[in-house]
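Annotated compositional bias 'Basic and acidic residues' per Swiss-Prot: 199-214, 224-236, 348-381, in sequence order. The feature compositional bias 'Acidic residues' is assigned by Swiss-Prot to 246-256, 382-401. Residues annotated as region 'Disordered' in Swiss-Prot: 199-263, 341-401. Residues or ranges marked as region '3 X approximate repeats' by Swiss-Prot: 256-294. Taken from Swiss-Prot, the feature repeat '1-1' covers 187-198. The feature repeat '1-2' is assigned by Swiss-Prot to 206-217. According to Swiss-Prot, the repeat '1-3' annotation covers 223-234. Among the features that Swiss-Prot reports, repeat '1-4' is placed at 241-252. According to Swiss-Prot, the repeat '2-1' annotation covers 256-266. Residues annotated as repeat '2-2' in Swiss-Prot: 270-280. If you look up Swiss-Prot, you'll see 284-294 marked as repeat '2-3'. Sequence annotations record features per position, and here Swiss-Prot assigns signal peptide to 1-18.
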């Protein structure tokens, strides 16, 4: 009882101390908070929908890409811009590739102040995070910006590829570590400096270091004790074909003495080579020693974004139909988890059940159509057979006359 009370008080204190900077569940008035970019005239449009299947129609409503082979650009301001200095930064949202996407992005951007009408793929951003699918590429993108450069994540964990809703969470901690979760399950973690090329390396190979002249690079050597067997060269490489016979029309006076054609000798052992043994002098692969990098500059603020002011989707999709929902930006993973429990976590089982039911109906419809087609083909074949029988009867009558 005391343990449960203590945990409850701890969670309550975390909730009191935490801050939710942005939250979006896409209610019917969502367009009052979001702006489609007009920087290009052919951008695709988002629409509000729960999709073809859902667990709860109201809770599962989100914005969906609605036009194939289109770029999309839409953003929403954060009421009060903020810096994540001294605290964690958590970005979370759900993605539902209902269309069984073949090529397209599903990522969200954290932005500085932006002119929403002019928002494009070239607009500077702080973070780009989320799934990316195109052909064999099925990965979670996590790009950070540092001093104006967009830095790719060294890791490429696989993203979810089914047509159900999945929640992606990125956590950048105040100690410069990070976590990536999918449906509240940790998929990756590490340090920013190790998993992004943010800073110059602390050490570099010494350009003055040279490989010693007596360094042995070969891991194996010829066995000096191995000797070629005395009968190794006894058999020649080729021999006359023992199954060949002189043709009956062979004339030695005209054709010369007949000789059987030569064939490969199955007993020939080939060129003898002494066997290899481990080289006792082998020292391993040589590499120069590491020395401190004179260009390395420590920075304990690589995780800090001074002005986080908006969220936005900047996407390209070949086949539209992705639904985005339940965005939260906070400084507390516990808050993000609680939000998940209230939204996707609360409806995922019902959504899966609805999906399974829709798939069963689809299979039944396909089976009914297949049977109908088979019956029509069978009926057509029987009618053709009857026509053939009638023609044969008429031909028989004509023959009798």
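Sequential numbering from 1, following the chain as shown.
Cβ coordinates come from backbone N, Cα and C, glycine included.
If one looks beyond the repeat '1-4' (241-252) by at least 6 residues along the same chain, the residues whose Cβ comes under 8 Å of a Cβ in the stretch are 258, 260-263.
If one looks beyond the repeat '2-2' (270-280) by at least 6 residues along the same chain, the residues whose Cβ comes under 8 Å of a Cβ in the stretch are 216, 218-224, 226-229, 232-233. Over the repeat '1-2' (206-217) the predicted model carries a mean pLDDT of 94.
Residue counts for the repeat '1-4' (241-252) by DSSP state, with H, G and I taken as helix and E and B as strand, are 1 helix, 0 strand, 11 coil.
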